[in-house]
Each structure stands twice: as C-alpha cells, then as structure tokens.
Amino acid sequence: MGSVVGVTTTAGATAGTAAGVEVRDLRQEEATEWARLCSRGFLETRAPTEAAGDLRWRRTEGHRRRVGVDGGRLIASFRSYGVDLPVPGGHLPADAISSVVVAASHRRQGLLRRLMTEDLRAAKDRGDALAVLIASEAPIYGRYGFGTATTACRWELDVREARFRGDPVRDGAVVLDHVSDADLVDVAPRLFARVHATAAGEHPRDGLWWPMALGLVEDPDADAREQRPAVVAREPGGDVVGLLRYRAGGDLSGGDRRRAAQVRVLDLLAATPAATAALWRAAAEVDLAASVVADHRPTTDPLPLLLADARAAVRSHDADFVWARVLDVPAALEGRRYAATGGLVLEVVDPLGLAGGRWRLDVTADDAGTGAAEVTATTAEPDVVVGVDVLGTVVLGQGSPAPALAAGLVDERTPGAAARLGTLLAHPSSAVLTRTWF
C-alpha cells in the first residue's frame with residue numbers, strides 16, 4: 001500500500017532529486033523507526049513499539065526494503081517482493097509493492113519517481129510480467145502506469161429481514177463445525193490456496209500471514225483476550241470447503257437491544273456454492289446479532305442471490321482494490337487463458353518506456369478447449385491504442401475498456417476494436433473470498 005506524505009533522494013544519483021538524501025536498503029536496527037514512519041504515513045493512531053518493529057521486520061523477511069535517509073533520519077520507504085499472482089487460467093510472476101511512504105518534509109523532490117521507476121525496471125529485468133499494489137492515493141499511481149484491476153466493497157445484511165432460500169446444512173450438503181481461529185492452522189492455508197487459484201489478481205497469504213491472523217504469533221497490537229470464533233464447513237466426506245472468521249459485539253445494556261449487536265466478518269472463504277450459502281447463513285444466525293457487516297468483499301459476492309429478498313443485503317463502499325501495471329505485454333497476455341477467440345493489433349503507450357509497443361494478439365482454442373494467446377511484435381496499423389494504465393485495468397479479466405473508451409482514453413482506430421479487446425480479455429472470477437491487504 002502506498003502513501004505519499006513526502007519524498008527524498010541520494011545526492012547526484014538521479015536528475016531532479018533532492019541532494020543530500022541517501023537511498024539504500026533498510027537495516028535491522030532501523031526496524032522500529034521504519035515502522036513508525038509507515039505508521040505516520042498511513043495515519044495510524046498508535047505509535048509502534050520496538051516489539052512491533054521487530055515483528056514488521058520478521059514479517060517482511062526476504063522483501064526488498066528501500067529507504068530514504070536524510071541527516072540520519074528515515075524520511076521515505078518503499079517495499080517490494082515477488083509473488084505468484086493468479087490470472088485467468090494460471091499464474092504469473094509479479095512485483096508486489098507496499099509500504100510506500102514519503103515524509104511531508106521531502107515532498108515533490110523526485111524521490112518517489114526514483115524509487116518507483118528503479119523498482120519497476122528491476123522487476124522487468126527479473127522477468128516479472130506485472131506489478132501490483134493497493135493505492136492509498138489514487139491520483140499518484142496512474143502516473144506510473146497502474147490501473148484499477150480489481151474492486152472491493154462492503155456487504156451489510158439486516159438479519160431481521162434476511163430469509164435464506166435454502167439450508168445446505170439441513171439438506172446434508174455440508175456440516176458446520178464451530179471452532180476458534182487457532183483450530184484453523186492446518187485447514188485455512190490449504191483452503192485459501194484452493195480458492196485463491198481461481199481469483200485473478202488476489203494476493204497470496206504466505207509467510208507470517210496466517211499465524212498472525214489466527215493469533216498464533218505474539219502481536220503487540222493485538223488483544224490477547226479477544227474472542228476468536230470461527231466456523232468450518234465440511235462436505236459429508238470430511239473435505240473442508242469453507243471457513244468463516246468473525247467477531248461479534250455490541251452494547252446490550254441500552255434501551256434498544258435489537259439493534260445493538262453486530263457480526264463483523266473478517267474472512268469468508270468458500271470453495272462450493274453449498275459452503276457459501278451455509279457460512280453466510282451461519283453469520284446471520286449468531287445469537288443476538290442484528291446485522292452482519294463484511295468489508296473487502298468482491299462486488300460479485302453471491303450474498304443477495306442467497307436471499308428471498310435480495311434487498312436485505314446492501315452493498316456500499318465500492319472502491320478500487322488491486323492496481324496492476326503491465327511490465328511485459330507478451331508475457332502478460334500469453335501467460336493467461338481466454339474465454340473467447342479472435343485477434344487484433346494492439347498498441348500500448350507507456351511513458352516510462354517499459355511496456356510500450358505494437359503487437360498482434362491472436363487467441364485460438366487450445367487442446368483443453370480454452371483460449372490461448374500468441375503475441376507477436378508487428379508494424380501493422382493498430383486496431384486500438386491504449387495507455388499502459390488502461391491495459392492494467394483489463395489485463396486480469398475483471399475490468400472492461402468501455403469506460404475508458406467513453407472517457408476518451410482509448411484510441412479506437414477500427415470500429416468495434418475496443419469491444420473486441422474487452423471480449424477477449426474478459427474472464428470474471430466467481431471466487432468467494434475476502435480480499436487480502438498487502
């Protein structure tokens with residue numbers, strides 16, 4: 001995640017950057033100061049302790065942790081690391097970018113541009129097809145060729161109005177086990193890997209992600225006394241096909257106890273429709289709860305369709321989530337699969353010079369019956385010209401070029417070419433999961 005609160009650079013290293021600022025790798029003894037810089041950048045209310053800094057260091061082991069230093073003080077942060085990113089029909093190597101912070105005292109001095117361009121060029125040289133991030137400030141990252149690739153929203157369910165169409169537990173399709181977070185240590189990573197593989201653009205949960213989420217690592221920012229309820233959905237044969245992690249609470253001492261208690265969904269993963277329905281129903285049936293709130297869910301979540309009255313589920317807080325930046329057009333387009341066949345000549349404009357060019361995209365059916373692409377450089381006239389940021393919006397199959405065309409951001413040389421590009425790239429994911437922050 002990025003937050004430009006200010007910027008800096010090494011003297012003489014790059015034209016247009018501030019003199020006297022050293023850019024280098026973070027040192028372990030600076031972990032607490034780094035944690036505090038990032039905490040301020042993202043407007044967190046509590047300053048990290050030394051223990052929190054040590055945990056952040058361990059959690060980011062193996063990552064590329066770059067910092068800007070001025071007068072012995074950390075004034076900028078930039079972190080990146082390699083991930084195996086799911087794309088339609090496969091995975092691609094990608095550069096995940098996070099912890100982007102620049103102190104207000106060093107704003108507009110060229111440091112962010114230096115940190116970003118150096119990282120993107122290095123990622124391309126390593127063979128990464130894409131770069132991805134979560135943007136705290138949307139105007140910043142379009143300048144570097146990123147486009148919104150996935151979205152997220154909040155779903156809120158009025159329990160008193162909710163009537164589910166079916167009951168998979170009663171019908172024998174699944175069995176629910178009411179457990180706690182600690183009981184998920186073996187089943188959660190395996191289930192997530194199964195669901196994650198079908199969720200284009202979804203970030204992996206590796207390293208310390210699960211141990212921290214499940215309360216198995218001492219976290220100075222966590223409440224050790226917090227209740228950690230969870231529900232596991234199994235098929236009759238015993239296979240785990242879903243899980244729900246939630247927190248429930250509210251003030252039941254007031255006059256209107258009917259509205260007081262709320263279930264807050266932290267994670268709902270499901271590999272089958274029966275598990276999806278059973279877990280949403282389990283969340284709604286928590287005793288004393290008047291509402292269920294689930295943040296960071298796909299806008300395509302099937303929750304409304306599980307209800308007799310779809311209006312009992314209200315969608316709000318729609319927002320961009322993962323932003324993608326294409327680094328290698330042939331690798332990005334050939335490394336995924338397609339639901340349609342066809343071809344066109346595509347020109348990509350990239351101000352940073354990383355992924356610009358003109359290519360012939362031909363998608364034909366492969367032996368498995370899915371579309372496979374061949375991408376070749378060409379000098380033929382393009383059917384459609386797009387910026388690399390627009391390509392980032394559609395490359396994972398979750399977005400459409402139609403809004404960009406309507407906004408004048410797509411140069412359609414052949415009538416209907418933008419729609420044809422959208423048809424070729426479209427591959428909506430039906431994965432049921434909570435989006436993963438990184």
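Just so it is clear, glycine is given a Cβ too, placed from its N, Cα and C backbone atoms.
TrEMBL labels come from automatic prediction, so no person has curated them.
Annotated active site, proton donor per TrEMBL: TYR141, in sequence order.
Marked as active site, proton acceptor by TrEMBL: PHE438. PHE438 (active site, proton acceptor) falls outside any helix or strand according to DSSP and counts as coil.
Taken from TrEMBL, the feature acetyl-CoA binding site covers VAL100, VAL101, VAL102, ARG108, GLN109, GLY110, LEU111, LEU112, ARG113, SER136, GLU137. GLN109 (acetyl-CoA binding site) has a Cβ environment of 22 other Cβ atoms inside 10 Å.
Annotated domain 'N-acetyltransferase' per TrEMBL: 21-166, in sequence order.
In the predicted model, residues of the domain 'N-acetyltransferase' (21-166) average a pLDDT of 95. Counting neighbouring Cβ atoms within 10 Å of each of the binding-site residues (VAL102, LEU111), the lowest count belongs to VAL102. Rounded to a whole value, the Cα-Cα separation of TYR141 (active site, proton donor) and PHE438 (active site, proton acceptor) is 16 Å. Comparing local CB density within 10 A for the recorded positions VAL100, ARG113, GLU137, PHE438, the maximum falls on VAL100. Distance noted between the C-alpha atoms of ARG113 (acetyl-CoA binding site) and PHE438 (active site, proton acceptor) is 21 Å. Straight-line distance linking the Cα atoms of GLN109 (acetyl-CoA binding site) and PHE438 (active site, proton acceptor), rounded to a whole number, equals 26 Å.
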